[in-house]
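Lifted from TrEMBL, the feature list:
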{"type": "BINDING", "residues": "Ser80, Glu150, His178", "note": "Mg(2+) binding site"}
{"type": "BINDING", "residues": "Arg313, Asp327", "note": "ATP binding site"}
Amino acid sequence: MLNTLQTNASYLEQVKRERGDPQTQLEAMEVYLARSGLQVEDLDQLNIIHVTGTKGKGSTCAFTEHILRNYGLKTGFFSSPHLVQVRERIRINGQPISPELFTKHFWHLYHQLEKTKDGSCVSMPAYFRFLTLMAFHVFLQEKVDLAVVEVGIGGAYDCTNIIRKPVVCGVSSLGIDHTSLLGDTVEKIAWQKGGIFKHGVPAFTVLQPEGPLAVLRDRAQQISCPLYLCPPLEALEERGRPLTLGLEGEHQRSNAALALQLAHCWLQWRDHQDVRKLKVSRPSVPWPLPLAPVFQPTSHMRHGLRDTEWPGRTQVLRRGPLTWYLDGAHTTSSVQACVRWFRQALQRSERPSRGPEVRVLLFNSTGDRDPAALLKLLQPCQFDYAVFCPNLTEVASTDNADQQNFTVTLDQVLLRCLEHQQHWSCLDEEQAGRDLWRPSSLEPGGPAPLRLAPRGLQPCSSSSLVFSCISHALQWISQGRDPVFQPPSLPRGLLAHPTASNGASVLREATAIHVLVTGSLHLVGGVLKLLEPSLSQ
């Protein structure tokens, strides 16, 4: 029934059609809230931390929530999208709400909205709006001490922005995404993100390029919002031991720095004794914004950062000869960060004493993103195979309501995958022409790239494949060698293509197989559903 309220893709199309007066979207959300039995003022009880950004906002929220949960506080956390089960979007104390609680609150809200409909309004909000309303009801009913709320898209006109009095706001790293909704420059996008600022409510941002940072500063000044620039994590480490993060990747350090400031500000607002004891300094350095305080993180903060888990973001699963690298990067800047993380992880990995290593890319991209640009950024990883598939766990997903998408047909998503394969083939041909006789290495002084050309593989398009679903792609990549992912048998015809049959032999003989899954969080979610069956329970 939830899926009939549309998925994110059709919600975006609806917003595009309505964007002539985007303010009406927020007003409609307030009407839905009132029809559900709540007023905007009721949300003030949730002591909200509101976070936006282009990349890293989910990780920032996860760090922030775990830090505050370490203080013994009862936390609510609303995020999107979900990876495996829709219940992941609404969490209490870091755990997705139970199926029973989800069912109870879903039907209560659904029937309440049905009961209050009239001829002047649409009876049901769209998918994301419904879940946002449901999260507010759950958090109020469960009497959380605070709620960490991640913005869906943008900020100014996002349906989470009916929040009137958050305790603190945060802006993670900005970049280009959802251009058809938010604008085609980082400055336009910054204006949208700055729309969550509120009069008198402190806000924090990580360091941004000069243009968007100036836009955020102007937005804050217009409504008298005190906006602070987060010092880098190194500034907080100078006073104590280095901080260990539960999430891999150098880019997670700026997310952790923002999370520390959000948690510290919230605890200050609560006048928590642990924060009262902290020695705080504010560096007098000429910056375009006032610098946020520098302090020595408490043990609760340290442990919160260290123990944070956020699946599908710089996540590694080691399974026999297979190592799966999962990262839902889907913008140019986040894919660049993903490539840095992956290449560094490869350098750190143990090299087999003998036998070939194979690198495989599993990729998909959706929406208005530029797949050619993303794939070009992935070329330096020197994959032996590139595999493309839609974000469908199985070809027939009728038994998997959490992964259903009613807004696209199988033909549409497969055509998109074929386009990705064509982009990859062109890039491969360009690279092959440049590098035919030129030796190269992964990093200066690093190991030689692990190419399979000596095995007689044809370059370019012959080293790429398209599968109709994630399950088929994983079956081909793993060749039965993943001890957890053990499907009954390969479907008939899966090895009919010459590249598939030749590659299957290579993958069965390889000593180590490194698989990077990226381009879409929905793709990563489908892969996790199959590789980690416990996430579906």
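From the backbone N, Cα and C atoms, a Cβ is placed for every residue, glycine too.
The structure displayed is predicted, hence computed values, not measured ones.
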All-chain count of other Cβ atoms within 10 Å of Glu150 (Mg(2+) binding site): 24
Distance from Glu150 (Mg(2+) binding site) back to Arg313 (ATP binding site), taken between C-alpha atoms, in Å: 16
C-beta crowding around Ser80 (Mg(2+) binding site), within 10 angstroms: 20
Nearest-integer angstrom distance between the alpha carbons (Cα) of Asp327 (ATP binding site) and Ser80 (Mg(2+) binding site): 15
For Arg313 (ATP binding site), the number of other Cβ atoms found within 10 Å of its own Cβ: 27
